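Engineer: The structure follows.
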Amino acid sequence: MKLRVDYRASLRLVGTVLKYLTVPLLFPLVVALYYGESVLPFVVTMAVTVLIGTGLERLAEEPDIGAREGFLMVAMTWLAVAFVGAIPYLIEAHGIPFIAQPIHPESTLGNPANALFETMSGFTTTGATVLGDISFDSHTRGIMMWRQLTQWLGGMGIVVLAVAILPELSVGGAQLMDAEAPGPGIEKLTPRIAETARALWGAYLGLTVLEIVLLHGLNVTGHAPGMGVYNAIAHGLTTMPTGGFSPEAKSIEAFSAAAQWVIIPFMVAAGTNFALFWHVLTGEPKRLVRDTEFKSYLGIMGVISAILAGVLFFGDGLMSVAPAGETYDQVYLEGIRTAIIGNVEPAIRQSVFQVVSIVTTTGYASMDFNAWSAPTQYGLLFAMFIGGSGGSTGGAIKIVRWYVILKSLRRELFTTAHPEAVRPVRLAGRTVDERAIRGIYAFTLLYLVLFFVSTGLLHLDAARAGFDVSILETMSAVAATLGNVGPGFGVVGPMGSYLDFSNSSKLYMVLLMWVGRLEILPVLVIFTPEYWRR
Amino acid sequence: MRVIIIGAGQVGSSIAADLDDTHEVVIIDCDPERVDELNYSLDVLALHGDGTSVETLEEAGVERADMVIASTDNDETNIVTCATAKAISEAFTIARVKNTEYLRTWQRSEKAFGIDFMVCTNLLAAESIVRVVGLPAARDVDSFAGGKVQMAEFEVDAESPVANQTVSEADRFDSLTFAAILRDGEVTIPRGDTVIGPGDRIVVIGSPQSVQGFASSVSPDEPPGTAEEVVIVGGSEIGYHVARLLEERGFKPRLIEQDADRARELAEELPGTIVMESDATDIDFLEREYIGDADLLVSALDSDEKNLLVSLLAARLGVERTVAVIDTTPYVDLFEAVGVDVGVSPREVVAEEITRFTRDGGAENVALIESDKAEVLEIEVDADSVLAGKPIQESIASLPEGVVIGAITRRREFITPRGDTVIKPGDHVVVFVDSCAIDDVSPKL
């Protein structure tokens, strides 16, 4: 069989990306130096990336990227960075034989499956964690900064970043970005794709810096104790990619209401199509206000938040007795009940924060929403399927797809009554191509099939391993990893972790995060024989 | 005035026939037999030749001509002819086109192609069709400023709620001006306390929506506008423009087109229209979609015979009024005799428009009220106009009685004229002028 895919070209580009991963690795290295920690985890990783990178680069002379090579390159890049990115965690836990002692031998990330889970969760901006004890007692600040940085790199997309800075990707760049970018299709903002990629990354970088400055500003003015420079940077790096890794065990609950209010608009921005920011900056602010998807996005979050704020305010949304074995206790529960019930600001803040966090798939928590009553939790489970806007850093199915699906279903109802009617589906006045609609149906159906099948598989595997999880917990774990949301309910709740799942379940979820981040089709296609044959 | 007409088809010869008694007309055609025929039948000079060639135009005396009208059936020929004429003479050039893209280009600069005035056959035909839709109570409707302004004339009968009301009572619409009341053939310029009597005819000028709204307050029994159900058969350019113009006026028409690709294209272009892909002579389909319940059916297929057939079929199914596009001008009377309610000939419409334009010179657009009692003019205001740079109160005072500023459009946006509105150069103004005042007023504007 003669392969029709030039896999060497794809792998060569993966090599180039790996080689350049050395540069961001400098950041946690500097942090480690600052705090007087060992820089070995990062130095070794840098050496490994350069080695593998240059090795792969020798595979092909001049890579010629077509559509098929693009899928392979993008899928392989994400897998490769996840593997390489796990190295610092492993070194922290195990040290290097004959050279260095382990720094934190008790770290849960010493288990390779856990380390891979954590990096994949980071790069895909899922934010699901197996860290166990989230504190600077069990992990160095440098390692924790690397964990936050993986999310920031993955948010706008490693490949988009590569297109922005690597001249050799100027030709196949659109192809690659299309395979990686969230949402159906990409919008070329400028004639040159590298400039488009730079514009997107520029907006992303700008918003991140702005958030860091504002958060630290709150700290300086005394409105956010705990939001020191390290925490301000850490949260800036994990909000904009809709990641959700926080170096605080209590996530955003650890900070003041003011800090929580500041984070909300940045999560909203992260779930917005970044092309719209470009239009705002280039003098067309009306495009933002007129955008149908943006309006639906705000509308959906507004409606769900309003409902949840109501049930929280009147107390129906909160449990009254803490179930045994939960991640919180009766004292915690009584505390939040007195804080929220009957109080307008906390009720609104908690519901808005949680809804925005889940819909945008950020996954931060401003409280342990395991303390919410079952119906309100189902509301959040439903929100996990909505997702941010196309072209944002958010995950899940995305507003634009739901919008097109609803409109085309309405069209079906109409043509049932009037078979001769010709009705194009319109999105903000523009007609949507019928092939694109078919693609959206296929994606959504695959997403749901994958959700149900995975829930079944994980539940079986948990039973096999003797791990006691409810079906809601399993469903939320699948929705949270496939949609790159992060926390689910119960054991995988915002204050819990995925640690207790078996290694096989964790590796399966690594696959779900990978497939979910790249929006299923670009990954699944490389597993079909038709892809490899002529 | 010396007028050169290129193209002696139905449009060209009809214009020539209209102008030959008052103007010096030269007509050019490339068919020698047609040229011979015209030399005998009309008092014009008919020449044989190609209108795009400099020699032919010079032979026709283009350097002495005041106006060149290019009216062949070919858009590009007409455009090139005008450009050629402009290059070698000072003549005012008029081109007839079918393709609305050319019209749009020309409207952008109004200098494009060296054309001073462009008329678009398909658009004009569509406009004249749309005029009969929607305002059953109106006796006459005309649009100005690219459809942003409408003039309508209503007859008020004794049962109308508006009868015996004062103008200020009847005027409940923001963007509507009462231009005149016609009573026993006399033109009155109404004031707020003027009482509208039964039998009066009211001329209003305003935005299409407000005219529409006023129509329903004149005769609520005949609900005009959105309630009216319109079916368009045939997705030709004319059919497309009819649907588009109706959409602009808030209708939700249905359009039937047989060709799948064209149907899809139209459905994409026309968000407010329900496009159906079917043969309009398929009776099962027509019955299933209750086409017979429609108030109006426009047939705009590419053949006169098919249009006749569809109109007759529709009338038989119960459609109240049928309008057919008829390419062959002489068929119009015949078709109306056998059962089509209104026949519209695109060529005739264009010929009328050009003739009207040649008569009135400077104005952008003219409508005649009661044939000659008054005129409604659309004028682009230049810096020399008495209207420019002053509040309307002041400029009206310097004009004779019988002049009403009906509407203003600025950069294609509608502005309601009030006493303190200041008109700027470049604005389009729609003015009602009593015919006694017309000769006095025209040059000042």
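Cβ coordinates are placed from backbone N, Cα and C, and glycine is handled just like the others.
Quick paste of what TrEMBL says about this protein:
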- A:12-34: transmembrane segment (TRANSMEM)
- A:40-59: transmembrane segment (TRANSMEM)
- A:71-91: transmembrane segment (TRANSMEM)
- A:149-167: transmembrane segment (TRANSMEM)
- A:199-218: transmembrane segment (TRANSMEM)
- A:258-282: transmembrane segment (TRANSMEM)
- A:294-314: transmembrane segment (TRANSMEM)
- A:378-404: transmembrane segment (TRANSMEM)
- A:440-460: transmembrane segment (TRANSMEM)
- A:507-527: transmembrane segment (TRANSMEM)
Engineer: May I ask whether the transmembrane segment (A:440-460) has at least three C-beta pairs under 8 Å with the transmembrane segment (A:12-34), counting pairs 6 or more apart in sequence?
Structural biologist: no
Engineer: Counting Cβ pairs under 8 Å that are 6 or more apart in sequence, does the total for the transmembrane segment (A:258-282) and the transmembrane segment (A:378-404) reach three or more?
Structural biologist: yes
Engineer: Any contact between the transmembrane segment (A:507-527) and the transmembrane segment (A:40-59), i.e. 3 or more CB pairs below 8 Å with pairs at least 6 residues apart?
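Structural biologist: Stretch pair does not touch.
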Engineer: Which of A:40-59, A:149-167, A:294-314 shares the most C-beta pairs under 8 angstroms with the transmembrane segment (A:71-91)?
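Structural biologist: The stretch with the most contacts is A:40-59.
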Engineer: List, by number or range, the same-chain residues at least 6 past the transmembrane segment (A:40-59) whose CB is under 8 A from its CB atoms?
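Structural biologist: Residues packing against the transmembrane segment (A:40-59) from afar: 8-9, 11-12, 14-22, 25-26, 28-29, 32, 80, 84-85, 87-89, 91-92, 96, 99-100, 103, 142-143, 146.
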